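Novice: Okay, here's the structure, questions in a sec.
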Amino acid sequence: MASPPKTLLFLSTLLLCLVSLSALLPLQTYIVQLHPQSETAASYYTSKLDWHLSFLEGTVSVEEEADHSSRLLYSYRSAIEGFAALLSDSEVESLRRMRDVIAVRPDRRLELHTTYSYKFLKLDAPRIGAWSRTEFGRGSIIGVLDTGVWPESPSFSDHGMPAPPRKWRGVCQEGQNFNASSCNRKLIGARFFIKGHHVANSPLSPEINPEYVSARDSSGHGTHTSSTAGGSPVPMANLLGNGEGIAQGMAPGAHIAIYKVCWFNGCYSSDILAAMDVAIRDGVDVLSLSLGGFPIPFYDDTVAIGSFHAAEKGISVICAAGNNGPTRNSVANEAPWVTTVGASTLDRRFPAYVRMGTGRYLYGESLFPGNHFPGAARELEVVYITGGDMGSEYCLEGSLPREKVAGKMVVCDRGVNGRAEKGEVVKRAGGAAMVLTNTEINLEEDSVDAHVLPATLIGFSEAAQLKSYINSTKRPTAKIHFVGTVIGRSRAPAVARFSSRGPSLNNPSILKPDVIAPGVNIIAAWPQNLGPSGLLGDSRRVNFTVMSGTSMACPHVSGIAALIHSAYPNWSPAAVKSAMMTTADVTDHFGKPIMDGNIPADHFAIGSGHINPAKAVDPGLIYDVRPTDYITHLCSLGYTRSEIFTISRRNISCKEILQKSRGFGLNYPSITPVFKGRETVKVISRSVTNVGRPNSIYSVEVRAPEGVRVVVKPKRLVFRRINQTLGYKVYVISKKGAKPISFSQGELIWVHSHRNLYKVRSPITVSWASKNS
């Protein structure tokens, strides 16, 4: 074979040098579009992912060849065929010359949305969005029980807002740094409840706990949740340059009433019950409670008791499911008259990669504005301090020796203290940057923070790689590559790992949570007395910050409930809940099952599914429940006369009620039979009310859970008029000889004769308390 020309050798050598040098050059995100009918893909690769990775394998520098997958951001198969990856300029040119590559485009387009969840939920979609069909929730009132409010936030501007409805009877209670003039046509009322907290705690110390004895928010939580539910539009909002766009709540036309019940040391039952008591009289339509604990019996549960009476008065009560996931039976606020909300993810990310000294990239996320500070991305020695009993691996206060961390990038495990607090500890010890690492408890959860120093959060698998590199290298180094905001490239929604799960501990015959809604990395309003990290030492000031939790998911549903109340003011809370449950999505935005980690989510994680506002404001059919039905349900659970009286203030005889209600089943939108002992057949009665169109015909479709046969009678429902109610029965028959399982799931859907008009879905969750007793 003839030797190659010298020019070609020179060019080849130069290309190799450039490829090697590319690892030192800044990388950018590019979208690589591939030929959808490639013969190469079909002939040589077992999966599309392997095919996509092969392009990186043939492009990425030799030093990184073994780990080309670390450059891959996303693998696309639906919208386009292709992938997104971090690439250097020379690698882009190489890719453009490769077979089957149609185009390589820089991912420079940053979506201009802050409280982006309203866009994610398609509230603003022309003609079909819930806003256009409900006048943005105009006329409804959302009561928020939380830590108070920062009334000067632009999210509570009353520009364009009408006066409160005539039914409003609330007040603007004056207090420390809070005057009657702090309220307006958006923020129509504010009260605070501190007596229970005062009794249980020593007097407030301004130095230790700078708390306002008024409805003014000092911790930020209440300002964040209330603006998520009903905040006014705020243009050009952002968090330190990230997530720039218009911020607004789920029901921007609704009025907000604040009930401060949570203080520096928690929320006390007496204060909560007092607030609910007053809120009922004030005339709210929705109560939003982003608070709770572990599940307790309803008769011991202040929220359950207060919300029962609110429901009697026509008020929808929306509660957070809790942040104790993924533990089963951890769901809180389980009462059937409450709408219980779990948390999901958005498709908005804030990438901040860790580039190790080997050139290998580890995916992370952060809201530190590193892309606006060139020095934030400098290469540093990286250290992980372990050993001893000071908790240095968690970066606890006083645990980091200055001589070991000064000027370095410090690795901190999650747990014990707050995420942002760890960064403050590192900064005080002289550290220059931080890598926050998930543990086995958190796995790949990506709750981000606006850290006080350059920092990023990486997942559990990435953490293992980083620590292995540190332990095997004499002087390990790393730098953080901050990308900014990326929207629409990842699968979503998915279940947040921290979101509490069912089955309900106290009421397993009712599926909980009811729905899930966005609760991860939610950007919303923030008070001016705190920095975006929430730390007292953070001197930065912003109008918005990021938070995660079912506390953030709850006000999303509260706002959507307000939209429904606005459109249907005479609907009961049960009807409003039904509309949200039966129209919820069980697939993500790519049409694939909602995921819980790396497996499809079950009903105990998502309930009926992910909230879909556009469908919820026009559900077709509803399952309605009267307050007396809840009493009968409590009797069927075995609650005593005194326990029911504690909840309902009704002195009843369960024996008489159950005799008159043989075969009773609570008319809940989900179907959750529990087989006990040797039971083999469960008969469930349900009734649905037509709120869609007259002269409508619905046919049933059933996907039976494993281990049972499901029969529905009748199979067709023919409605002649609006508000007509028809009943049906569901026979769930446990199959003989079926393999022993603890639970299985399916679904029942009433489908309108015009298939695209309405699909009214009920999840079926079957469980066996004991198969052998």
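Glycine is treated like the rest: Cβ placed from N, Cα and C.
Heads up, TrEMBL stuff is auto-annotated, nobody curated it.
Not my notes, these are from TrEMBL:
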type	residues	note
ACT_SITE	D146	active site, charge relay system
ACT_SITE	H221	active site, charge relay system
ACT_SITE	S551	active site, charge relay system
COMPBIAS	220-232	compositional bias 'Low complexity'
DOMAIN	29-113	domain 'Inhibitor I9'
DOMAIN	137-589	domain 'Peptidase S8/S53'
DOMAIN	381-466	domain 'PA'
DOMAIN	666-766	domain 'Subtilisin-like protease fibronectin type-III'
REGION	210-234	region 'Disordered'
SIGNAL	1-23	signal peptide
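Describe the structural surroundings of these features, if you would.
Specialist: Within the same chain, the residues at least 6 positions away from D146 (active site, charge relay system) whose Cβ sits under 8 Å from its Cβ are D217, H221, G222, T225, S226, I258, Y259, K260, V261, C262, S288, L289, S290, L291, listed in sequence order.
Around the Cβ of H221 (active site, charge relay system), 22 further Cβ atoms fall within 10 Å across all displayed protein chains.
Other Cβ atoms within 10 Å of the Cβ of S551 (active site, charge relay system), summed over all protein chains shown, number 26.
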Novice: Count up the helix, strand and coil residues in the domain 'Subtilisin-like protease fibronectin type-III' (666-766) according to DSSP, in that order.
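Specialist: Counting residues per DSSP class in the domain 'Subtilisin-like protease fibronectin type-III' (666-766), I get 0 helix, 59 strand, 42 coil.
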Novice: Could you tell me the mean pLDDT the prediction assigns to the domain 'Subtilisin-like protease fibronectin type-III' (666-766)?
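Specialist: A mean pLDDT of 93 is what the model gives the domain 'Subtilisin-like protease fibronectin type-III' (666-766).
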